Amino acid sequence: SPSTSRQQNQPQGHYGLTSPISLAPPSDKDHIHTQKLIEAMKPFGVFEDQEELYHRTTVLGKLNNFVREWISELAESKNLPPSITEQVGGKIFTFGSYRLGVHTKGSSDIDALCVAPSHVERSDFFQSFFEKLKNQEEVRNLRAIEDAYVPVIKFEFDGIEIDLVFAKLSLPTVSDDLDLRDDSCLKSLDIRCIRSLNGSRVTDEILRLVPNLENFRLTLRAVKLWAKRRGVYSNIMGFLGGVSWAMLVARICQLYPNALASTLVNKFFLIFSKWDWPKPVLLKRLEESFLNLPVWDPRVNPSDRYHVMPIITPAYPQQNSTYNVSVSTRAVMVEEFQRGLEVTDEILKGKSDWSKLFEPLNFFQKYKHYIVLTASAFTEEHHLNWIGLVESKIRVLVGNLERNEFITIAHVQPQSFPGNEVLYKQSGYVSMWFLGLVFKKAESAVKTNVDLTHGIQSFTDTVYRQASALNILKEGMKIEATYVKRKQLHYFLPAGTLQKRKKQRVSDISQNNSGLQCKRSSLGESCSDGSKDRDSRTPSNSSSLNKISKLDISTAEAERLFLISWPNSKSQVSPTEMEATVALRTSGPPIGCTIPGYNTVCQLRTCFVQGQHKLSGTLITDPKSASPKQHYSPTSK
């Protein structure tokens, strides 16, 4: 376990890195369990076929030659000597799941890095290289995100999605045998180039530090599939992304270097269900460098002390890959680790099979209270930009909610859902996210107000101001948040999504593969698992609908856009069953945000009038229209 006596004698600052816990060779039973694990994963399409692998390799070869050609042309245009122009080089490096060797079937995206010599500027990459790509027949869906944390050009090259980042080295040429693991390649680079290089350097270091690549890759495939099925795979939402899951699996492989995948998966849940967070997970000791770049170290950096689930990258400069994790998302993951341990223990004892591990989380049966977050825009292009920004900030809302003294858990479902027909007609392209809430039990029967106004208003203000600063705020872009109970979710979701399913059939699995493998960028696309579902919804119940839509709200209450009241001592409802006194929120940007052509902020629920909130509608105006027949996906229209 992570707190064995072997760690107590480690020098302070090494965070308890241990020698292997077990060196025992695998048994015949381990081989049988591993084969059964492989068979259980096959229906989910986690294994890539040779034809796909060959196609991706071919595309990367073409892209590498394309980059070298561009860099050579750029050298000529800048009048570099012919002796240098002929040897400037340039190279494409891959990282992420493709480089780790855990690419899945049908997932065609590749994370790549363009490394260029010193005469190539970042502006050249986003201008002349972008224009060169635009003129290629094989290139589709080309777009640049230059102001992202890690600037990127996204495109499809011969059907393969590429996320290409850029870094220039302080070298006149880039040779084919360049080793990016050498710290000297970081010398004299700006922070954006260092961030770009970090993806490749971290991936290569992980591969170097694991004792058995085959066992590591199979285990990582299983853990990633489990994480996606259980709704805890999303760095942007405050859970863990691919590199973090890879590092956790790599640490288990170090502790059990001879174990097969079936044992490693079980040990993964054993170790991390009992891990003493926020003690960090490291693959090697923190090292210093002559470059003096900032690294993760809570002894030096006060901000690092607030990280609740640190997983530290092994390549210099070492950073925490999980700074987005909050108290709530960590609690959700630890609960899933504990469930994973119970299930795998049963499997290894022969009391269950591996398919049980990959049963999906029934999020909509898990909680009694939910917040529905809706983002909408008039056009598809505006909607893609808008939901990318909203999605990147949802973890801010989670943090705001969990700081409320009456909330113990604010659990966001990473999957987004398309809006129904009514929302589509009212607001255009719509995406919805759902947050489950757990409230603290009332210590007395005295009525208590739980006011969520500040947390939600702070979140929406943050999104609108960020959109205004990035100049993407357009007419019709709105955010709305609504409090509902579990029994009211059928007004937003189809019956098939809400049904409690003990097992997902193999026939349903293939339909959800695209959702399992989707990726999101901070200002890019959003995808939804099962978003193409067009089942009819349960007909609305007008009497229960009135509890949501017809609220008696005074002027004073209107200032509290989101207020939940605990029942008094005379109520027959249990203290944990809270009633919504106000379930309205703003649908327009805060004062000071300008939208081209946007003259009216007020549209659905609330409007801004000289800095004040004014009620302008109800949650659902027409009970008969609350049971739409179809979903409308922004990408399917």
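Using the three backbone atoms N, Cα and C, a Cβ is placed for every residue, glycine included.
TrEMBL lists 1-30, 503-546, 618-637 with the feature region 'Disordered'. The compositional bias 'Polar residues' annotation in TrEMBL covers 1-12, 507-529, 627-637. Annotation comment: TrEMBL describes 16-210 as domain 'Poly(A) polymerase nucleotidyltransferase'. Annotation comment: TrEMBL describes Phe95, Gly96, Ser97, Thr104, Asp109, Ile110, Asp111, Asp163, Lys224, Tyr233, Gly242, Val243 as ATP binding site. Summarising the annotation, TrEMBL assigns Mg(2+) 2 binding site to Asp109, Asp111, Asp163. Per TrEMBL, Mg(2+) 1 binding site is recorded for Asp109, Asp111. Marked as domain 'Poly(A) polymerase central' by TrEMBL: 215-359. As annotated by TrEMBL, transmembrane segment applies to 231-250. Residues annotated as domain 'Poly(A) polymerase RNA-binding' in TrEMBL: 362-422, 426-500.
Confidence annotation: the domain 'Poly(A) polymerase central' (215-359) carries a mean pLDDT of 95 in the model. Cβ neighbour count for Asp111 (ATP binding site) (all protein chains, 10 Å cutoff from its Cβ): 23. Remark: secondary structure over the domain 'Poly(A) polymerase RNA-binding' (362-422) totals 28 helix, 18 strand, 15 coil, with classes taken from DSSP. Taking the Cα atom of each, Gly242 (ATP binding site) and Asp163 (Mg(2+) 2 binding site) are about 15 angstrom apart. Recorded residues Asp111 (ATP binding site) and Asp163 (Mg(2+) 2 binding site) have their alpha carbons 5 Å apart, per Cα-Cα distance.
Restricting the binding-site residues Ser97, Asp109, Lys224 to those with a CA within 10 Å of the CA of Asp163 (Mg(2+) 2 binding site) leaves Asp109, listed by sequence position.
For the domain 'Poly(A) polymerase central' (215-359), the DSSP-based tally of helix, strand and coil residues reads 74 helix, 6 strand, 65 coil. In this record, ATP is bound by Phe95, Gly96, Ser97, Thr104, Asp109, Ile110, Asp111, Asp163, Lys224, Tyr233, Gly242, Val243; the longest C-alpha to C-alpha distance in that set is 20 Å. Each residue of the domain 'Poly(A) polymerase RNA-binding' (426-500) gets a DSSP state, and the totals for helix, strand and coil are 29 helix, 22 strand, 24 coil.
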